[in-house]
Amino acid sequence: MSAPAPASPPASLFHLSRPAAGPRARPRVSRSRCVASLASQPPTPPPANANHLVQTLCASGRLARAAALLHGLPAPTQRTYESVLLAAARAGDAALAAAVHRRLEADPVFRSDPFLSTRLIDAYASLGELPAARQVFDEAPVKSIFVWNALLKALALADHGEEALARLADMGRLRVPVDSYSYAHGLKACIAASTSHVPASALVREIHAHAVRRGYGLHTHVATTLIDCYAKLGSVSYAESVFATMPERNVVSWTAMIGCYAKNERPGDAILLFQEMVASDENLVPNSVTIVCILHAFAGVNAHGQGKLLHAYILRRGFDSLVSVLNALMAMYMKCGCLEAGRHIFDLIGHRKDVVSWNTLISGYGMHGFGHEAVQVFEDMTQMGVSPNIITFISVLGACSHAGLVDEGKRLFESMVDYNVTPRAEHYACMVDLLGRAGHLDEAVELIQGMHIRPSPQVWGSLLGACRIHRHVEYAEMACSQLFDLEPRNAGNYVLLADIYARAKLHSEVGVLKDLLEEHALEKVPGCSWIEVKKRLHMFVSVDNKNPQIEELQALIGEFVTQMKNDGYVPDTGAVLYDIEEEEKEKILLGHSEKLAVAFGLINTGRGEVIRITKNLRLCEDCHSVTKFISKYAEREIIVRDVNRFHHFRDGICSCGDYW
């Protein structure tokens, strides 16, 4: 049965109308190796204590024998029914679940049992049989809170968010007492209600307020779900507020907040919170999700040393048996510049590789500029029978962009239809970036104008970035005319256009943009760089103020710049938008965060050690030139990961070939 089409919800969540009931249908029943139908098998005489035997067989995975015994049982117990349903869900056996459903309907003792109705809904939900789960709910004679919650959970997990919210509204209308799980499932449904005309953030805040009024706002389960929802919405301050007021926190709560920071580009805060968690209670032991979140944070700031320590912990605790952890470990190594270590983890996963494993390797090669290798991994993946998904194509198209593989990128983009993947805005953004970087700006604009969906800020941003590289004023103005409407509070778009104007000597237009920034109180995201030294993380921000330590670092960079000037180097002051003397502009360039991090690394690491730096923005041309020189003059390998890709500096040469 297809999902009923709920009416468009009004602004208030708790006045949503109940969706119209659709025709009832049995779940689709595929042929199963365990059982085609309980009714089709001859009755088996029940042995002594047959209920216990069925439960034991289910626990050991011998479902065919368990199903045969169940058919012959005159009086199955509640525990027996539950055991078979749980086993059917674990084995992915929809036929067995449907057979148990039929047996329950004929059982005079348990056909009205709300506990088994709950278990049946749960089983159907995990098997992807949502119409059957709805049918069980609709036909349940007794709808306890657990039955309601089971349906809410099933709908939320199946991304039927609006229907779940409508059912939650029904509970209020019918005066069904909600509990913490009702709120938790309702919050998850808000994120799934992507087609709602009410923003997900507004829905989450409404349920949050309702839970607070009913006394559930500080309940651990509800608060943890709130943190996770706010994290997905990018509302970090709301998540922090919820976390700070929690009277009790378990490992799931801590992990949710750590994950919130890690997912919202605050890896440093995630690492600090992880350290606080470990120090706060010796009984708080990180679980596999905690490990994945903190690996993501370590990768975000290039914390290679701490990542290696966590790798050892993973091995000691046996987390290396989990593919999700190994995938995150592989991503950490690759994002810390250790491509070989990441490939080694990929090979260790062996036959357990999933699509995330392949995507991570493709993305890793792409970030390091190995476009041909990324495309080859994509080909290996498809030959192994693994179907590429949306993320796969984002990764491989991005790899083509970083390596300038225009023809390969076009071929892969056109092949998406062969894998039943419909291009999204992210894929178009990759193609615009690919064409734009390669100087095919006319073709990039033509692609945008021919899109079957509305171009997103990411698409126009890719065009604007290409215009900055090739200093194309007209197309930059076209992109910004859209971006200023789509992202009116994004100061970066104004700054990029001002940079393009400045390099084109259009100083009056630069002044207009600076006035607009001040008028709307918009501030550019400050450049930040991180470096790990002796397993401690250090952050530098682009500055032009007085600070003794910063002045020491700037002085060291200044010595290198003096050497470079003797070889004909000219500082690239075009990106400094202040109306000041050239000498002052050069001083500002000395304060760029990545230069400060390089100087700090030179002073505080031993000869031969690799300097690893992460930058939150694109590496500027001047920093790129200076770092190339330092790598040769100081005889040091320097690895910088900016927002786009990796730069491996060695002997005065960068791995990007000055194409980034």
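Each Cβ is built from the backbone N, Cα and C atoms, and glycine gets one as well.
Now, the feature entries from TrEMBL:
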- 1-29: region 'Disordered' (REGION)
- 250-284: repeat 'PPR' (REPEAT)
- 354-388: repeat 'PPR' (REPEAT)
- 389-423: repeat 'PPR' (REPEAT)
- 568-660: domain 'DYW' (DOMAIN)
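Counting residues per DSSP class in helix, strand and coil order gives 37 helix, 16 strand, 40 coil for the domain 'DYW' (568-660). Taking H, G and I as helix, E and B as strand and the rest as coil, DSSP gives the repeat 'PPR' (389-423) the counts 28 helix, 0 strand, 7 coil. Below 8 angstroms of C-beta separation, residues 323-324, 326-327, 330-331, 334-335, 337, 339, 342-343, 346, 395-396, 398-400, 402-405, 408, 412, 419, 421, 641, 645-646, 648, 655-657 of the same chain, each at least six residues beyond the ends of the repeat 'PPR' (354-388), sit close to that stretch. Within the model, the domain 'DYW' (568-660) carries an average pLDDT of 91.
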